[in-house]
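A short worksheet on the structure shown next.
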């Protein structure tokens, strides 16, 4: 993937390899300010970057976290401009959002990173920033970025104030014991109220008002003050170069020519080209072919020290504790670079780092190739894409209608849609996605089934695996604790919406005189498809929503099948609560009637629970006027033509296949707010 502008990315490199960047010049002492930095980056090629100038105490690793659309990427753009990392132009928008899907949707879905150099009070600093996603479906990217940091910039919109994901991200950073710098953005807006937002931050997060920095990332107002706060408030990484090598793999991508490129953060020791290293996860041994840092382009560091290495050095040492960068070591299989793995030197084993907490999938869907001849190509594409997005879980699956495929687990519906879009854009793969479901559990009462599964409690991720009620003592459904932040005038509508979704209110707190924070216990199945859309519609876009796992609870669940001309469509089968069976069945039939194109024969669309039909819609056939040529005459002539047409339609209905559009599976599950 071509890098946008001249920005840095620890996490990027998705498609084709980039040519190695020309080394940069960085003198030992620079006059402070952006002009000097502009001069620095324009002089590339004259001298080479010497990483020995940046001891651990001059390194700052930090993330930018916020609710979606509060200005994280815009702030990252301004920081890159101020330090001279990129040229200052009007085209610098979402510079670190490198994926096509990010630019099309205007959101960050993949945590992206940049290394910048900044001179403060006569000292040169290496600042590694990570721009993180703001949507709840990509919160795993945030939690995975924080272990590589010692502090965060918490961005809050001066107009919107604190919202649900702001609260969630704050507690992620707080639990990781990171330094937190509150930044109030968009103070240039007409309706901005930074005083109110400062009071919210003090009340909810117990951060003094005088620690908040007011900025306008769009106009660049006070942005340099943020850099100064980063240096003053965020501590340098804690490590010791005398310790043996201990490197954390925090991301990895696949390059067609060089294999797996692992992005690493060093927590001890040093590494150089030619070192023999071992993976703590796979126990395999590798030889380091290339290691480097990510400045505006990928930069192998072994070239940097050939002239500037200190006396007694081989000139090839390229990574020091406290730094981050990339490593290429001949890993040819995508499974060899596991996210959270620990790398150490051969014959110098160390205690593996804790790694990352595994992502817990919230939504499951079946994925099948449109043509079974593309199965192997799709398998390869899935392996490479899941290497870059480790929050997706993959299990092999098969369908009578669609053939061999996979059952994938996602963190939410938007995550599923973005993953599908990346498959199409980056790997040119067209796939069929089945209706999304959530993982249920069943407590078995049948001794035969308990023996078959080897346990009494089973997890159901595919409606086809749903056991009969006679064999089960209890069904369990997943629940989440949802947080809603909304202006107080919408409380009534939102409470009604939550009650319709079988939610139980747990808490209600006024953040200030205008905004309220509600906490509800939701069944996951009730919010996973369209709750967010309905909430935004009811609140005119002002309410925000975030959720976290809250375990399982007992529920009266049933399996509902969708039949087309009496034939069950396995991909549209769904598990629902008994109280909502009739309404959901009727709704699905109506939406499917609109989604399926008319055929030359009549199609009966039915919703069934077991053998009982609970809803039906009929899609009328295209029909030729066969009696148009009869002008008068005997009625038997007309009846004969109509009878012959009816027989033809009946035969066609027996042998005809109903064509279901690929995107119908998502559309029929989308509820409308007036239903």
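Glycine too: its Cβ is placed from the backbone N, Cα and C atoms.
Any TrEMBL annotation is an automated prediction that lacks curation.
Within the same chain, residues at least 6 positions away in sequence whose Cβ sits under 8 Å from that of residue 69 (GTP binding site) are 107, 134, 157. Summarising the annotation, TrEMBL assigns GTP binding site to 66-73, 131-135, 185-188.
If you look up TrEMBL, you'll see 57-238 marked as domain 'Tr-type G'.
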Among 72, 135, the most crowded of the binding-site residues [Cβ within 10 Å]: 72
Candidates 66, 187: member of the binding-site residues with the richest Cβ shell (10 Å): 66
